[in-house]
Amino acid sequence: MKAIYRGMCPNCGGAITDERLAEKNPCEGCLSEPIKAEDYEKLVFAVRNALKLRGTLKDWEDLYRLNKEVSEVEDLFKRATGFRFWSAQRTWVKRILRGKSFSIIAPTGMGKSTFGAFISIYFAIKGKRSYIVVPTTPLVVQTVKKIQDMMERAGVNVRLVYYHGNLKKKEKEEALKRIKDGDFDILVTSSQFLATRFDELLRDKRFDLIFVDDVDAFLKASKNIDRSLLLLGFTQEVINRAWEVIKLKKQLAKLLQAQGKEKEVEELNKEIEKIEREIERYRRENNIGILIVASATGSARGDRIKLYRELLGFEVGSGRSVLRNIVDTYIIPERSIEEEVENLLRKLGKGGLIFVPIDKGIEFAEELTNYLKSKGFKVELVSAKNKRGLELFERGEVDYLVGVATYYGTIVRGLDLPHLIRFAVFAGVPKFRFSMDLEQPTIYRVLGLMSEILEFLPQEKREEGEKLYARLRRLIRNIPQYELMKIEEALAEGIELEGFHNHVLDVFKQAVEFLREVLRDEEVIRRISENPFLSLKEVEGKLYIEIPDVRTYIQASGRTSRLFAGGITKGLSVIIVDDQKVFNGLIRQMRWRFVEFEIKKFEEINLESVLREIDEDRKKVRLVIEGKISEQVKDLVKSALMIVESPNKARTIASFFGQPSKRRIGELVAYEVSIGDKMLTILASGGHMFDLVTTEGYHGVLILKDDGKPYYVPVYDTIKRCRDCGHQFVDWEQKGVCPKCGSRNVHDALENVKAMRELALEVDEILIGTDPDTEGEKIAWDIRNVLSPYTPNIKRIEFHEVTRPAILKAIKEARDINEDRVKAQLVRRIEDRWIGFELSQKLWEVFENRNLSAGRVQTPVLGWIVQRYKEFTESETDFLGLTLENGISITIENAKGEVKEVEVKDVVIEEREINPLPPYTTDAMLQDASRFLGFSATKTMQLAQDLFELGLCTYHRTDSIHVSNTGIEIAKEYISEEIGEEYFAPRKWGEEGAHEAIRPTRPIDTGRLIQLIRDGIITLPRNLTKDHFRLYDLIFRRFIASQMKPARVLYEKAIISTPFGDVEVEGYIEILYDGWSRVKPLPLKQIPKLEKGQKLKVTEIKQWRAPKVSLYTQGDVIALMKERGIGRPSTYAKIVQTLLQRGYVIETKGRKKLVPTEKGIKVYQYLVSKYKDLVSEERTRQLEKIMDEIEEAKADYQEVLRELHEEIKRYIRS
């Protein structure tokens, strides 16, 4: 037993040990001996029976009942289909049994339609009514057949009614009569039927379950959202109230951007909460039905869809995946494009898509198709006018399809045939082509061109272009494609539009005119022609710009790699390079979007092995589609819950895998995505949820006896935080009331635990992805403990950067909790509490001030600041500053008087190599951010935390300077492209350890990052401030410099003789080779060349008195902590912050120097005079070492606690 958690027993809600929780059992008060069983379900049943027998059964009954009902539903499913549930289907059933509405995000072959049909039968057996809404008549027929087959197999009979256009007249009449009379348990129709027959036949009906298969068709009539809500039991009045909340939240978002609107924000929040309470009351008092929406491929647009969020607690996501499992390759052609394509098809076999770039157009696509036909290939051309080829391809009558590579092209977007499409060939790089006068411009192409050429414009024009670009992007964000086409047509035909659309047209027009104007500038054209990433071509006397069309490449190549039940099919893409510059641009943009993107020469891949993998995946997909999948493959798709600390991190991770669906669980938001082999729900825990209590044991730690020796067990309870005054505490003095200000507006982390337990019930496994250090490990341990009884499997995942490859790798390498790290953190917290409480109480007694407090690590640090201040005040002296005729400035200490001339006594000039510094560790970053940016340590850590959580930098709490291979690759790419490959000098900088140095996660500098965020290529869950960019720039430059060749300078060191003594001057005369100084200034000043014996006139004299010793900044103090082995990367900033918060130290305004206050000096003197050995620098350093030993399993943590306890008794309690 390591700890006790109050209020966490899953049965009685009382106190329970970590051991019992890990054994998935209730507390000892409920069951004297723990129950063991071979699997989770059996354990739940056995514990329930034991509790019942003992007469202590309480909340465990809910857990038992849920598992029992799932078993019953699964038995029926087995009878109806012959299969057991997939993990994902089991999750869906658990949600339904608990009355939750949700959006299903799941890949091809996950049995969504089968599940919808089955669950309606289950509801019918239970006397409940269901409605299945599908997009088309063939799907109505298919769904009805599924239901009938299942009823027959399961031997049940329920009343089924369906309606579609192919029914005979008499059948239609009978169906309509039965619908009108409510003579059915299950109704199946198209979404069109819901839209047209609602008022006449459905308005008065009430359903327990509505299953919407394919939300895209359903949403074509946005009124269907209101209709579905009415059918589930809401009134129009409640729907209108929810609509009010949506509008109020929009207003609130705007107010939060403005300054000084706190009062309005508070009032709006109150109004929103009031309406939300009304809605919640209505839901409680009325038995509202369940809505299940099978995921969209497009994104659900418009505000009306948000009604589902307000009334049913979920948001529809998009099933569109951004995962790629594609081998990207290229060929530099040695013969005609047609011959290269023919040659490739002979090597690759059947099942290919061939994309012709837009500059070659439909004519070339026709020529290529005819050429391939003449060579004996079964191939068809597909275009908007001729889609016949699609059916022939699907039926296997043709082996290849040819189409033009445009974003909305028929075979670029419309094909989802994971079992048939094996590879894609690009007969030229996908590109946009623009004539200089921009004939027939489209909105997306204009945005693409603007984004590419803004960097070539003069400053003033660039700023104008950036504003126009941002406006146009913002305006079109929620406009569907068909409406954009109307705007484009209006511009071409020179006609006006109505209202908002006319406003968009106006801005579009301005953007086109802006481009036409800047493209007449010869300097701009010259710069474009020299750029290696876009192409300038003359065709028939006309100039054209060609830029890569990366969106089309992603979409088109993506046809070869689809998400299916069990993973992502492997695909192959081959680009025949017809323009090297546009190809370079395409690669660069792919790397911006996909951290893991790499492209190889086609002849360098192992083609046989790639094709074998491609074909194995196609076999699996066919089996899934035909329903012949084996049990073993079925369990490839697990439902999993990933828990991280912060909402930013949760949102960033979710965004890697498409547009997530969202569910509100209590006060938390869960994001759901599919990653092929996992249906992943991502949730933010909100960081630390537990802390030591103050009302039990010795300051929250029980002291028990084990073999006559004391044994220490911390007691934890949830952390409470007052939303009004910010006070944080653990023990209630009065339940629900803040002990500091009396407010009832208090958040208890218990609510977060309940939300996590609710989600834990649904899934097969939990992955805990808290920060990769001892603190993160302790949070993970707490989460593991309190969730253990609710789920069969819990693992810890660790990642040092928030990027898609790092997350997927962490999931693959999931491990158990590192108990030694946890023990080290337990000791750190207990030691902190004991010393803190004991010393604070002494300070209260002596100074009669209950606001004072003390800690072991802060005390020596406070001492350094006190000592430095003393030296500062005692070191005042006279300074003389001389400026010489050649511009050199020198300062002389202890000097007063006039000087007219000085002489160069000695000079050494030599060539010197200056190496770059290693990339940042935490302490070095804090020092530089303090020195160059004027940031406090706390501010820097918060900004770095944001950059980490947003996936822009690696983990920022580290004392390692090591750079991984990934890091070296990033530097290589940036240096080669932006500076020159000859500057690259890879360095590992030290041994590989648990952590890496702080570095960027992509080869993108600050200017480019700002542009990519502006262009929407990088989308972040929160806005970055100017200070985020300043810190990113510091980290980026230091890292890139660390991977560049040394600089070489002509170094000079001179001794200058003055009447007051000699002064040394050093610097460089000139840079011989710039090396890393291309990205960061050198640490030396440039000085003029001097000669021995040279006499120099003094042109300016300044005299002043000042202290010789300067005061510390936050950066200086952190450098000392690192140097003297006190504190850790995770505590440096906190230690300084604590001293400032307690008022022991203040920071001067301008130069940000640290000055001890009178209170700080008195407290320090008292502590050192009474408890010197306890708070000495040496003892603190020793303890840091002991913590490391516990972490490395070299010290027994109980033994360490015994020593600490003895030490405190010896020094304080005696």
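The backbone N, Cα and C atoms fix where each Cβ goes, glycine too.
Swiss-Prot has this to say about the protein:
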{"type": "BINDING", "residues": "CYS9, CYS12, CYS27, CYS30", "note": "Zn(2+) 1 binding site"}
{"type": "DOMAIN", "residues": "93-256", "note": "domain 'Helicase ATP-binding'"}
{"type": "REGION", "residues": "635-1214", "note": "region 'Topoisomerase I'"}
{"type": "DOMAIN", "residues": "639-802", "note": "domain 'Toprim'"}
{"type": "BINDING", "residues": "GLU645, ASP771", "note": "Mg(2+) binding site"}
{"type": "BINDING", "residues": "CYS722, CYS725, CYS738, CYS741", "note": "Zn(2+) 2 binding site"}
{"type": "DOMAIN", "residues": "818-1212", "note": "domain 'Topo IA-type catalytic'"}
{"type": "ACT_SITE", "residues": "TYR955", "note": "active site, O-(5'-phospho-DNA)-tyrosine intermediate"}
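Overlay of Swiss-Prot annotations on the structure.
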residue	record	Cβ contacts under 8 Å, 6 or more apart
CYS9	Zn(2+) 1 binding site	ALA15, ILE16, ARG20, PRO26, CYS27, GLY29, CYS30
CYS12	Zn(2+) 1 binding site	PRO26, CYS27, GLY29, CYS30, THR56, LYS58, ASP59
GLU645	Mg(2+) binding site	ALA684, SER685, GLY686, GLY687, THR770, ASP771, GLY776, ILE779
CYS722	Zn(2+) 2 binding site	GLN728, CYS738, LYS740, CYS741, SER743, ASN745, VAL746
CYS725	Zn(2+) 2 binding site	CYS738, LYS740, CYS741, SER743
TYR955	active site, O-(5'-phospho-DNA)-tyrosine intermediate	ASP771, PRO772, ASP773, HIS800, GLU801, PHE948, HIS995, GLU996, ILE998
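Mapped onto three states, the DSSP output places CYS27 (Zn(2+) 1 binding site) in coil. CYS9 (Zn(2+) 1 binding site) falls outside any helix or strand according to DSSP and counts as coil. Annotation: CYS30 carries the greatest number of neighbouring Cβ atoms among the binding-site residues CYS30, CYS741 [cut-off 10 Å, Cβ to Cβ]. Taken residue by residue with DSSP, CYS722 (Zn(2+) 2 binding site) is part of a strand. Each of ARG723, ASP724, GLY726, HIS727, PRO739, LYS740, GLY742, SER743, ASN745, VAL746 belongs to the same chain as CYS722, CYS725, CYS738, CYS741, is absent from that list, and has a C-beta within 8 angstroms of the C-beta centroid marking the Zn(2+) 2 site.
Note on the domain 'Helicase ATP-binding' (93-256): its mean pLDDT in the predicted model is 92.
Note: the Zn(2+) 1 site is recorded as CYS9, CYS12, CYS27, CYS30; in the same chain, PRO10, ASN11, GLY13, GLY14, ILE16, PRO26, GLU28, GLY29, LEU31, THR56, LYS58 also have Cβ atoms within 8 Å of that site's Cβ centroid.
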